[in-house]
Amino acid sequence: MGLEQFINEAISPWLKEDGPDSDIVMSSRIRLARNFEKSPFPLIANQEHLDGILYFLEKEFNHRSYANYEQLEFVRMADLKPTEKQVLVEKHLISPHLADKSTYGAALISKNEQVSIMINEEDHIRMQLYFPGFQLEKALEEAFQIDDWLEEKIDYAFDEERGYLTSCPTNVGTGLRASVMMHLPALAMTRKLNRMIPAINQLGLVVRGIYGEGSEALGNIFQISNQVTLGRSEQDIIEDLTSVVEKLIEQERHARTLLRQQSELELEDRIFRSYGILEHSRIIESKETAKCLSDVRLGIDLGYIHHISKSILNELMVLTQPAFLQQYARRMLTPHERDVFRASLIRERFTLEQREEL
Amino acid sequence: MECQECKQNPATLHFAQVTNGEKREIHVCHQCAKEKGYVTHDDESYSLHNLLSGLFNFDPEKLHHSTHNKPAGNQMECKKCGMTYQEFAQIGKFGCASCYQTFSGHLNPIFRRVHSGNTTHDGKVPKRVGKDISARRKVKELKWKLQQLIAEEAFEDAAKIRDQIKEMERTLNQREEGED
Ligand SMILES: [Zn+2]
Ligand SMILES: [Zn+2]
């Protein structure tokens, strides 16, 4: 398979579109946790219960469409190979928990990959809806519609006092986790983000890196999400998150301007060095890849680099992850082989850009 | 090191307990640990304790008094899924929707801690299951509006709202009677 075709199939269709403020906000996500009223939660449910849920949801929703979300496909975890599951994890369509721990897990995924409904994860149902750029309100509105559509067939576990009942006390109430994925290179470079995090936490919001492990944020990509789910309406939660994201966008833009004013040559040097590494290296680790991709994307946003498409950051952050590399290679790779393969995939991807230009 | 409770047996369990932000070291023997509710049943896992002192932040002593001092048949256990309160505290997850009712007396402190002081839902209500809930909320809102209108001496509008409330309450009552 050629690289172009591979990328076309690997990158979720919605991710190729540009959304509002997409120079800084890569995507917006709404996740709602729901459970069946009558069945024990997946953690302690027996095979019979979980099979029953799988059978019911497959019967009711497999190959159905709702609005723009066409052809939901029912995928059982038990039917997938480990790499296939890992690819879904790397595309953020399913959680690592569903891939590794949920023997009776499944997912209903729409054709455009904007909607993914995880089944028998920690809760019976966890639906996720993605939008490109900064579109939390729209995402919430549409997630509510999908929720209503599911509810026509499902008796949800709901209590007037506690709201939607979930397996973990941290999700009860709205069951809502709203999050926004942001590229914040200037705030990270100038260490301003670290100083802003405590204030953001005060509002019940969490900031974390989404690529990489622990506290490190590979590619200067951060996820901001709500923690409180009880006692606040979904709209209020989104409003709080929105106001913080707006502030971060403003601060990031400001930090970019300052960087350019105060150390333009150093900034330009950093961007073009990273560009050179991506275009020419023969062996590259994921950490260095992420750093260089972040620099190049910043270079594109600031107008230093003209002939590369913006989507290169989103695309290559996804494609250079281990399972994708192995899928492209069509075999298992050792960590060293991955670094070699990664470098060659990136070089090829940059060549594609130059061809498009001609 | 001897057990700090019985001061006889050697201490075999050591851990830190955080109560109201204050850290205290605990060294007890196996028997006292069980008696004092530091570990549950024969499970020697410390996770109960970690959870209680971390996420759940409540005093295990209270758990001890509220459960162990009652007759055995009274132990808090979810009738639907069989999860006991100790198990819930240990794993930090509910077993089923009914657990929320079963453990309801103990949940507010936990929810307050996790959800910035909140204990009651304010948000979306399912369409079918929550039809009455939405209607009751609407009635509440209208009653508040009615007060406003009366205060503003907008009696004509107030009368309309009052009729609307009456009508809604009538349907709600009918539905409730129908269910019984
Ligand atoms: Zn002792
Ligand atoms: Zn239960």
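Each residue, glycine too, has its Cβ placed from N, Cα and C.
Going by TrEMBL, these are the annotated features:
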DOMAIN    A:24-255  domain 'Phosphagen kinase C-terminal'
BINDING   A:27-31, A:His92, A:Arg126, A:177-181, A:208-213  ATP binding site
| Mean pLDDT over the domain 'Phosphagen kinase C-terminal' (A:24-255): what is the value? | 93
| request: May I ask which residues of the same chain, at least 6 positions away in sequence, place their Cβ under 8 angstroms from the Cβ of A:Ser179 (ATP binding site)? | output: A:Ser28, A:Arg29, A:Arg31, A:Gln223, A:Ile224, A:Ser225, A:Asn226, A:Leu241
| query | Looking only at A:Arg126, A:Arg208, which of these binding-site residues has the biggest number of Cβ atoms within 10 Å around its Cβ? | reply | A:Arg126
| So which one is it: of the binding-site residues A:Ser27, A:Ile30, which has the fewest other Cβ atoms within 10 Å? | A:Ser27
| request: Report the same-chain neighbours of A:Tyr211 (ATP binding site): residues 6+ apart in sequence with Cβ closer than 8 Å to its Cβ, ordered by sequence. | output: A:Ala217, A:Leu218, A:Gly219, A:Ile221, A:Ser286, A:Ala290, A:Met317
| note | DSSP, reduced to three states, assigns A:Arg126 (ATP binding site) to strand
| note | A:Tyr211 (ATP binding site) -> DSSP, reduced to three states, gives coil
